[in-house]
Amino acid sequence: METAAFETDLSLFKYDNLEQLPPSYRDLDADERTERIESALAELGDDVVILGHNYQRQEIVEHADFIGDSYQLSKEAAQSDADYVIFGGVTFMAESADIITDDDQSVILPSMEASCPMAGMAEALQVDAAWAELTAALDDEEIIPITYMNSYADLKAFCAEQGGLVCTSSNAHKAFEYAFEKGDKVLFLPDKHLGENTAHRLGMADETVEWDPWDAEGTDAADAVENDVILWEGYCQVHERFREHHIESIREDYPDANVIVHPECRREVVEAADVAGSTSTICESVAEADPGETWAIGTEIHLTHHLQRWHPDVNVVPLCGDACMDCNAMRQIDPNYLAWVLEELVEGRERNVIEVAPEEKELAQVAMDRMLEI
C-alpha cells in the first residue's frame, strides 16, 4: 500500500470558517437561555424548524420540532416549508439536509465543532488515492463504492461518479445486493463495523479485508482485491467502545434483559446481542415493549436517557453502565449556540449556514436517489 502526505490537507473540522459563540452567550444560565430561545422561536414562527438528533442532549431535544435519526430528520427538513432549518446534529447531517432541501431553504449548524470523527476518517484525498490503487489492481472486474450516510457530501458525490450509492444502517444489506448486481466487489466506507456486520448478514464473513489509508505496511491493493468486500478503516468511537463482557455483565444482572445494539458496534458484540438495529429500530423496540420488560441499550447514552424518559414503564438500562459514552461531536451543539443562532435570525442574520457546492450537491443527490430506488 502506498500512502500520501495527507497531513497538511486533512481537517476534522470541515467547516472551520464557521463562527464561534460570542462571549456574551457563553455564561447564560439555564432559565434565561430557555426564555430567550422560546422568545426567538415565538417571533420566528413557521419560518424556522429545529431538528434534534436522537443523540442530542435533552436541552436541545426539548426545543426540537422533530426528533429522529439523520436521514429521518433530513426528510422532515425537505418536507418543511420553513425558510430556516436548524440542525441539532453534526456536519454530515446538515450537509444531507442541504442536499435534499430546496435551494431557498437555509440549513444552519449552530456549532462549527460538531464534526463527526468517523466522517472525517474517509476524506476525499484518501479515498481518491485508495481508489486509484484498487482499480489499478483489478483486471476485468468492477468495484462499486458504498458510503454510509455518516459521511461528507464529497464522498457521497464520489460514490455517485463511480456507480455507487449511499446507505443507512437499516438498508445497508440492500445496498450490498445492489452493488453486487452492478459489479464484482464492494468498497464500503467509512464504517468498517457496519460493513463487516452487513457482509456477515449476507454470508460473506470470510470475504472481507480492511483498508487502512494511514498504514503504509497494511494490505496491498493486489491482495485487497482478492476479497469481495473491502472495508475502510473507520469507526464510531462511541459504538466501538462496547464489548462482549458488557453483555455478559448485563445478563448476570438482568437475566431476562433484551440486549439491543447499533450495527456500528463490533461484530462480536452484534452477534452476542439479541437485536441489532438502527436508532429507529432501537426506539421502536422499546416503544413496543411490554411494561416491566428490561432493555439494555448499546448506543449513545443520550438516546438511552431519552428512552428512559419516554417509556417509564420499561426498564431501560445502558449496556455498559456509567462507562457508556456520549457523542463528543453532538455535545458541541450547546444550547447556548441554539439561543445565539435563533436570536441572530430574529435580527435578520444567518449564522453558520451549511452549503454544499452545487456540482457536489447534484452528484450526492444521485447517490442518495439510488439508495431510495432499492
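We count from 1, first residue shown onward.
Every residue, even glycine, has its Cβ placed from backbone N, Cα and C.
Record check: Swiss-Prot places Ser70, Tyr148, Met149, Asn150, Ser169, His262, Pro263, Glu264, Thr279 at the iminosuccinate site, and the matching candidate among His53, His63, His245, His246 is His53. Annotated [4Fe-4S] cluster-binding residues in Swiss-Prot are Cys116, Cys236, and among Cys324, Cys327 the one listed with them is Cys327.
Comparing C-alpha positions, Glu264 (iminosuccinate binding site) sits nearest to Cys236 among the binding-site residues Cys116, Cys236, Cys327. Spatially close to Tyr148 (iminosuccinate binding site) yet at least six residues away along the chain are Val166, Cys167, Thr168, Ser169, Ala172, Phe188, Leu189, Pro190, Asp191, Leu194, judged by Cβ distances under 8 angstroms. Candidate binding-site residues: His53, Asn150, His262. Nearest to Cys116 ([4Fe-4S] cluster binding site) by Cα distance: Asn150.
Sequence-distant contacts of Asn150 (iminosuccinate binding site), defined by Cβ-Cβ distance under 8 angstroms and a gap of at least six in the same chain, are Ser70, Phe92, Cys116, Met118, Ala119, Pro190, Asp191, Cys236.
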